[in-house]
Structures are given as C-alpha cells and as structure tokens.
Amino acid sequence: QVLILKGLKQEVSYLCPSPDGLHLAVGYEDGSIRVFSLLSGEANITFNGHKAAVTALQYDHLGGRLVSGSKDTDIIVWDVINESGLYRLRGHKDAVTQVLFLKEKNLLVTSGKDTLVKWWDLDTQHCFKTLVGHRTEVWGMALISEEKRLISGSADSELRVWDITYIQEVKDPDEPESKKSKGSSLGAEENTEEDETLELDEHPEERLIKCSKVGSVMREGRDRVVTLATDRTGKVLACHGTDAVLEVFCVLSEEEVQKKLEKKMKKAKKKAKQNSEEEPEGTVELSLQEEIQRVTNIRASSKIKSFDLLLSPKGELKIILLLQNNIIESYHLNLSAQVPQAVRASKITIGGHRSDVRTLAFSSDNIAILSAAAESIKIWNRSTLQCIRTMDCEYALCSLFVPGDRQVIVGTKTGKLQLYDLASGSLMETRNAHDGAVWSIALSPDQRGVVTGGADKCVKFWEFELVKDESSVQKRLSMKHVRVLQLDEDVLCVRYSPNQKLLAVSLLDCTVKIFYVDTLKFFLSLYGHKLPVLCMDISYDGTLIATGSADRNVKIWGLDFGDCHRSLFAHDDSVMYLQFVAKSHLFFTAGKDSKIKQWDADKFEHIQTLEGHHQEVWCLALSPNGDYVVSASHDKSLRLWERTREPLILEEEREMQREAEYEDSVAKEAQPVVAGETQGETGLAGKKTIETIKAAEQIMEAIELYREEMAKLKEHKAICKAAGKEVPYPVNPILRAYGNITPSAYVLEVFKKVKSSELEESLLVLPFSYVPDLLRLFNEYIHLGSDIELLCRALLFLLKIHFGQITSNHMLVTVIENLKKTTISRVSEARDVLGFNMAGLQYLKREIEAKDEVTFFADATDRFEEKKRKRKKKEKMILAML
C-alpha cells in the first residue's frame, strides 16, 4: 500500500486518472467530484453539480477539462485549471453510462441507459447527432483505430462497431449565421425506423461527422456488458459482463491491415491463376473479425467488478482486475506469442472477508474481535487492526467467545454448532444442534453453558464439559446437550436475564415470549410489533428489555410486568441488531438504512447517529467495558468506533442534525432561474449548495460593511470640517484584523475567498440590490489592474443574469460606460503580457530542442566511432590468429 486518499462520508462511485498521472478525479454517490493530487494526497478541487451518483468521468487529452456523467441524466464539462464548471449538457433521458472526448475535434460522445449514443459539439454546446441503433441500454463505449471507429456494448452479446468519418467543414463567407445554426434543435432527437444509423444529409449538422454501422463483434458472454475499455494506445480492447470472464481483443493498426490485405490479394491472385480466371481487381476486403481479433478469455477467481489495461512497449499486456469478493488480481498476457495465455502474476487479498460478515463478538478482555462470514472466521486485534487468525467455516450466523477467550463457538446456516480452538486455529468439534439455521446463541450469566435458538422451532440448552480424546492425554472442551424447549414458531433471537432467572425468546409470529429458566414455564408475552423481532437485549439490572423489529421500531419494555414503556421509530429500514452498553441503560441499534444509533432507554431519547457505512449494517458488537463498538455491513467493511472523553451535549447534536437536514433540503430545492434563459440543452454547471449560499452571504455582509464605512467616512469628514481640525477616525475591528485595509479592498478580499467552482452559483443567489455597489467596486478594482481574470468573469456573469435591470437603470449608465473603457484596456494589456510570455516560452523551447538535437547527433557519432574502433580491433585479432 502506497497511499490512502481520504474522502468524505460518501461512497466512491468512479475513478479517473489525469493524462499526466499526477491527479485522480474521484466521483461520489452524492454527485460531488474531488480531484486529488497523487503527490501530496490532498483534495485540491471539489466540483458540485450533479444531484445523483457520478457514473462516468473522462479527462481530455491535455488534462485541462474534465467531463462527468451522472444518474441524474446530465453531463457537465468542468475546467480543471480554473477550478470551475463550464456548462451542463441535457439530452439523455436516463443515467449516463460513458463519456468520451475526441482528441482531434472539440467533440464529445456520450452513451446512456436510454439506448442512445449522443454526439455533442462543444463549440456550440449542442447535440448534433444521435445514434439509435441499440435496442437496449448502452452500457459502455470505446474509441479505436485512431478515433475512426466507435465500439458500443449493450445488454446483448453484440459489440456494435461504427465507422466515424470526419467531414472537413468548408465555410461559405456569404452564408448568414442564422442559416448555419439552423437545425441545432432538430439534431438532438432524430429517429429513423428502417436504418440503424441516422442519415441527416439534408441537415447542416452532417458537416461535422458521418457515423455508420460497420457490423458487430460477438462476445461469448450472454449477459450485459459491465465494462468496455481499451488501453492507452487503443491497440487492445477488453470487456466483461456480470460473470468472471474478461474477453480480450486485439485491434489491428492501419499498417497491419494493409499487410493483411496484400497477403489476401496475393492469395486471391494465386487462386485465380490456378483456376485460370481473371485477376480480381480490388475486391479483396478484410472482415471485421479479422480487423478486431479475439486474443483470449481470462477467467478470474470470482465475478469481475472493474478492470484496467496497460500495454508495455515490448508487447506484454498487463491486466488488473477488481473482483466482487474484495480481491484485486493482476494478469500478464504476451500478445506476440503464437497462442497467448494469461498468467496470474499476483493478487491482493489482505485482511477482510470475501463475503458479508453476519456475526461479530468481542473477547472478555476487550482486545480480540471475532468476525464470521459465509466462508471464514477471522480474529482481529482491536488495537493494531490486524487479522491474527483465519479459520474456514460454514455459513456463520451467530458467534461468541467461550469464557477464557481460548475457544469460540459459531452457529451456522446448516444448523451446526462449531467449536474452534484459537491457539491452533483448528476446528475442535462440530455438533448438529438444529434442523434449520442457528439464528441466535447466548452465553449463560454463570458462564457454564450456552443457549441456542433455531429455525426448527427449538431452544436448546448446552453445558460446557471437559472430555478426554483417545489421541491426546489432555482433556479438551466440549458441549453437552442438556434440555430443549419446543415452541410453535421459528426462533429468531434468545437472551438470558443477568440473574439467569428468565429467558427471552423472539419468535416469527412477531412476539417475544419470556420463560423461567429453571422450569421453562411461560411467564410473559410481549406483543405489539407488526413484523418479526430480529434482535433484542436485556439491561444489566434485568429491569428493561429492548426489542428491534423489521417494522423499523424499537420498543422498550419492563421485565417485571411486560408493559411497553415506549415505542421509538428507530431506523428507515429493518432494525438488524440491538445491544445495551454495559452497566447503563444506553443501547445501540444497527439498521438496514446504513446507520448506527445510540439511545437512552430511561429518557427515551435519541443520543447520536454514527454514520460511516454505505449499505445495510448486519450486526454490531460492544466491548465489555463499553468503550468500543464494532460494526459489519453489506459494503464489505468492518468499522471500529471508539468512545471519546469529550462530553456529548444533546442540544448541540440536535442543532447539527437540523443543519444537516437544512443542507439536504437546500440541495433538493429547485435551482435559481436565470432571466431570459430557457430550459434547453445547455445550462449552468454548478448547483445551489449550502457553501454557495454561505459565500453569497459573506459577499452581502462585506458590501453592507462597505456601505456603513463609507457613510461613517462621510460623516467623519463633515465633523472634521465643522471642528476645523483633524478628529481621530475609529477603525472598524474587522478592517483592523485585515491590516487596516480600506472597505473596498475588504470586499475584494472576501470576493477572492469564494471558491472558483462556486462563484457563479453564489452570484446567482445574490439579490440585485447589492449588484450596483458591486459594479462600482469592480470598476475601481479593474482600473487598479488587480485580479483582472476573476473580476471579468464575475462582471460578465452579473451582466448576463441581470441584463434587463441593469440596462433599465439610468443610475448605472455611467458605471457601465466606465467599465467598458477600463475593462477593454486592462484585458488587452493582460492579453499582451500573456502573448509576450507565450512567445518567450516557445523561443526557449526551440532553443532547448535545438541543443538536444545537437547532443543527440554528437552521441550517435561517438557511438558509431566506438563501434568502428571495436570492429577494427576484432579484425586485427583474427588476422593475428591466422
């Protein structure tokens, strides 16, 4: 492991490295994109524009622009250098699955689950062509043969191949602009029934590209394409479906195609001579299967989730596979071999389980953690977070440490109880406990035995005993079946009361039955849940029992009379696990809504929510001292939570919760409307977030301060004039903190602090009453020549969104006139400086290249002379020998 890039709480949905290999763009489930520096590991840039998960990311060949596609059907083009959004492209009717930049032209190709492939002209920001040759969702695309071919994969076993012809645009000087742009709205939704491609000969959009279907390459997989990609050179194409097979194809280059054609032509001529026929003239063509050749199929050890390819200059292909079961595998494939065979070079399988963890347990000394899944049991050291034992098992559903922490017991889906020794890591004993799954196991408070509940409607009591094996002299631990309690329904959970007088049993009929342990007589029935109780626990003093159900509620009952003290709506989905904290009436619950919550059973209050998991939380375990919580989830992670010494203030927690809810509501609100802008194919890249609102508020506060200070200054001057002497002026503490700057300079400082990616959205929510002051200040700043680029960007955006109000305001006429003069002169100055610097850099580049060429030729001459000397020496030696 080399580097960990720390993100926020959201799950990562897409990765894309920059062309220079120095940055990594990461897309998240909430629609945000963060660009990390791989040198420092810091997230330098954050883009917020999508409302749903990011499904596709792609850099252009220079790495200056980044395009993102999302489940919200929008495509956004971002400027990475300026750290801002350029524009939003709308047109797809379902989630976007792939986005591709074209190197040669300023074009973009996108595919979606709406069965369409769309071509976008980024100069005019509109869709000029739509391919409708797919009957099902388009799951992947790749450009091959120097971007002259497009391959698309959908839900069938066909990889469709399209020929791309770039049409050279010839501009007619007499043609009016209106005629050129006519039909831009038509190109987005073209459709034909007969042909699989769009023929738009009569439309001016056809001037950019022609796209026609050539044929199909058949995959062996029958299911949908999950990932379709090429290596950087475009020579190797690979794809996989929902299974464990990666299909690798080789794309022939133009020279190789030419060679093959010549060979084929020779054969055809030879055949024609033998059959004394006329020589074929230009009828020989290569089939698509000959141009895109199948190399081999690679079968991974589990289902493939994603892959990447790297072709070395020597012709060896390196393939890295990410598998569904939490393994990364690396394969090597020699393409120049007669029969290429993939060899597995290495795999990363450190730590975790290959499937979901269904049960957790803490040792009595709070040091070891047991986690068990469908294939193995692992013992972890809590302090180092390292796995110290791995033991094979059947599908585990419940577990516990035997007193003394030297053995563990696991209940399985097949109804067995398995006893493992931790020192040797071996299975000591297997008992057929139940005819169905063992859903629950509980240790008796006297630590002499356990009780198990299963799907065979039985509760069984077991005692620990020491037995002597024939093979060994020492006695070993075993379990003896003592009693059985037969019930009418499947048993889902069993728990002892701390004094070992009562046993609580949760049944499939949504009730919890309480029995006396000594006589097994019925004592109480707790009914009220609408769905079965999946988990429960009894408090340390035996007064309370808390039950968690699939109906999303937690009920707190008194154990003396079986009365329900309170019903709490706990989670947004089933409550999967519940456990009391040792020596207190606080308890934790885990839900299928991916949250872990802490509650107070005396005051019936929600204390805090632990957010970290991305999917259903199956189980949790509390350490006996109550300082640690470990949880396991469907997101394949185990998370360890530690109790801090920091006091928890409930009012603050509620306040934070309200803030989080407000932030969510802001994100879901309708976006502000720009006057005069229709909801067409393009739109603003950003979206309204709590950060943009805060930035707008800061600008407003700065302008308010500027107004107050200017009024005070006017007043102060009047006082000085009346007094006939200089009166000391009280400086605002905020301006003093900034080093006694002027009010206008303070506004500029605040303005510069607004993130580049949030600037447009912040100005959009700024009320118009602040705009006149801002325009006057912009005039002052631009005149001084500071931050020309930022100010011009903000100025043009404000003029665009408030055009009507600004032009109708007579007070602003002179301001706009002044702005026009100062802006044009300052921008031309900045442009001259840039031009001069560019020319200087190009001159330096030419100088360096010229020097390099001289040294290169000098080195080559030296090597040639050296070879000549060696050859002469060799010849002399041979002559001497003769």
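Sequential numbering from 1, following the chain as shown.
The backbone N, Cα and C atoms fix where each Cβ goes, and this holds for glycine too.
According to TrEMBL:
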COILED    251-278  coiled coil
COMPBIAS  190-199  compositional bias 'Acidic residues'
DOMAIN    744-846  domain 'Small-subunit processome Utp12'
REGION    173-202  region 'Disordered'
REPEAT    47-88  repeat 'WD'
REPEAT    89-130  repeat 'WD'
REPEAT    131-172  repeat 'WD'
REPEAT    350-390  repeat 'WD'
REPEAT    431-465  repeat 'WD'
REPEAT    526-567  repeat 'WD'
REPEAT    568-609  repeat 'WD'
REPEAT    610-642  repeat 'WD'
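Within the model, the domain 'Small-subunit processome Utp12' (744-846) shows a mean pLDDT value of 87, rounded to a whole number. In terms of DSSP helix, strand and coil, the repeat 'WD' (431-465) has 0 helix, 22 strand, 13 coil.
Sequence-distant contacts of the repeat 'WD' (568-609) (same chain, six or more residues past either end, CB-CB distance under 8 Å): 531, 534-540, 544, 546-550, 552-556, 615-622, 624-626, 629, 631, 633, 635, 641, 648, 650, 653, 657. Under DSSP, the residues of the repeat 'WD' (131-172) split into helix, strand and coil as follows: 0 helix, 23 strand, 19 coil. Across the repeat 'WD' (610-642), DSSP classifies residues as 0 helix, 19 strand, 14 coil. Remote same-chain partners of the coiled coil (251-278), defined as residues 6 or more beyond its termini with a Cβ less than 8 Å from a stretch Cβ, comprise 144-146, 230, 234-237, 284-286, 290-293.
Away from its own ends, the repeat 'WD' (131-172) comes close to residues 94, 97-98, 100, 102-105, 109, 111-119, 190-192, 196-198, 206-230, 234, 237, 239, 251, 253-254, 288, 292 of its chain (Cβ-Cβ under 8 Å, at least six residues beyond either end). Residues 13-20, 23, 25, 27-35, 94-101, 103, 108, 110, 112, 114, 120, 122, 125, 667, 682-687, 689, 691, 755-760 of the same chain lie 6+ residues outside the repeat 'WD' (47-88) yet bring a C-beta within less than 8 angstroms of a C-beta in it. Cβ atoms under 8 Å from those of the repeat 'WD' (350-390) belong to residues 302, 325-327, 396-401, 403, 405, 408, 410, 420, 422, 425, 618-625, 627-628, 630-634, 636-638, 640 of the same chain, restricted to positions at least 6 beyond its ends.
In terms of DSSP secondary structure, the repeat 'WD' (568-609) contains 0 helix, 25 strand, 17 coil.
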